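Enquirer: Can you read through this structure? Questions will come right after.
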Amino acid sequence: MRSFWLFLLLLLFCISFIKLTEGNEDAKRLYDDLMVNYNRHRRPSTSPNKPLTIKLKLRLSQIIDVHEIDQIMTCSVWLKQTWIDRKLSWDPVNYGGVNVLYVPYEMIWVPDIVLYNNADSNYNITISTKATLHYTGEVTWEPPAIFKSMCQIDVRWFPFDEQQCHLKFGSWTFSENLLSVELNEPSLRYEEEIDEKGIIDNVTVAEDGIDLSDYYPSVEWDIMSRVAKRRAKNYPSCCPQSAYIDVTYYLQLRRKPLFYTVNLVFPCVGISFLTILVFYLPSDSGEKVTLCISILVALTIFFLLLTEIIPATSITLPLIGKYLLFTMVMVTLSVVVTVISLNLHFRTPTTHLMPNWVKKVFLKWLPKLLFMRRPIDDYEEKFDDKKKPKDGKIALSVHAHRVSNVGNNIRNATIDDTIQKMYYSPPVVKAFENICFIAELLKKKDRDDKIDEDWKYVAMVLDRLFLLIFSIACFVGTVIILLRAPTLYDTRQPIDLQYRPANLSANPISF
């Protein structure tokens, strides 16, 4: 019984092997018959004057990189090309029902479709793949390729920018009289387009011209549109007699701003608002100018970082560059104002006299507008009632805060009748004169101290004034500059959302 089952398995294996061999033999015979008199250098057209139609279909696999400095987009694509070659048709009945044959593309004629806006030395497809032959004569060739195409980068709204990149394909040799390149799309529309010379061209447009069914989402870019256009263009410099057809695939890319917002925009905004703290720092600390210079150095580092990201262009200034320039101007002004404030703070009565307009503006008007009040005024109000003596005797008590009133009190005091009748001895007179002299010195010193305090208060008022001005300027400048980007108000959803894998769509990264 066991031997019977082994024999049955061996018999089934032999039958399957014979069928497989017969199938391979039919395919081999078909291949030999097709290649006997086939010339792969000849254009497979039924008439020498009739153009051969090539249908193109681009399937985007991945956007590998968009290099802003070199202005190059690198992407992985599958370029599907379909045409009819009557010399490669057959009757499946004569070849054991074989209706599809796979052959190396080097063995048959293939169109010389190249990337016109190529950015490296590989203009055509170099990967060796097989073409699919159908018994009707239809040939399909869909090789994978990694293309580097030139893409003009617009840095006006960086890092909240959109870029328009394209891939332009066409035949390098055959004009429209010999090769007609068509869009392999079900829905097409036709429109007129005026070129730079004012010539009206008929353009075929496919709104969904790029297949995204196998697209792997980019971590930096969202796809907003994928239009394909077919044009016929003359090249007067080389071939003015006839036009050449090209198919251009446009990719409108919108940058995902999370990375640059966290690593570039937020630090810039933070550095900008650090400028305000310069005016809150006391002048006696001696670190006001140091803080200004430190902020200026930090902004310079960000400028150097920005030049490594964006292309060196003189056409426009990026949005973040405008904001950095605005912040640098603010920091420079803060350095100037800080130097003026420090100069006022350390002025003395022996070098500078305070003008009357400075007293009116900085000691009376501005403090009221800025809701500032000097603590010394409270002490003066408290001791105003203690200036006059109550008992008519000599008032020798020292002022709680200043001693400038001592001399006046001595001169203006009402002397006791008994003391007035006494004979003043020379030691008493000398002592009295010394007391008056000391009182004058103390009064002068007190006056100088008051002038010093007035200059310091002027510097404090100036700091408070520019603290308010710079706070408003930084806030308004940040809002006006950064919120001008159009993409911040673009509510369109990326069209590649529906093609993203389930694991990326179900667990989006939130900020």
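Our numbering is plain: 1 for the first residue shown, then up by one each step along the chain.
In case you wondered, yes, glycine gets a Cβ from its N, Cα and C as well.
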Enquirer: Among N124, N412, which is the one flagged in Swiss-Prot as N-linked glycosylation site?
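Expert: Among N124, N412, the residue Swiss-Prot annotates as N-linked glycosylation site is N124.
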Enquirer: Answer yes or no as to whether Swiss-Prot lists L56 and D452 within the same topological domain, that is, on the same side of the membrane.
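Expert: Different domain labels for L56 and D452.
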Enquirer: About how far apart, in whole Å, are the alpha carbons (Cα) of C165 (disulfide bond) and N202 (N-linked glycosylation site)?
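Expert: That separation, Cα to Cα, works out to 22 Å.
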Enquirer: According to DSSP, does N202 (N-linked glycosylation site) fall in a helix, a strand, or coil?
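Expert: The three-state answer is strand.
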Enquirer: Taking the transmembrane segment (465-485) as the first stretch and the transmembrane segment (291-311) as the second, find out whether 3 or more Cβ pairs fall under 8 Å, excluding pairs closer than 6 in sequence.
Expert: no
Enquirer: At a 10 Å cut-off from the C-beta of C151 (disulfide bond), count the other C-beta atoms across all protein chains.
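Expert: Step by step: centre on the Cβ of C151 (disulfide bond), count other Cβ atoms within 10 Å, giving 23.
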Enquirer: I need the nearest neighbour of N202 (N-linked glycosylation site) among the disulfide-bonded residues C151, C238, C239, using C-alpha distances.
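Expert: That would be C239, the closest of C151, C238, C239 to N202 (N-linked glycosylation site).
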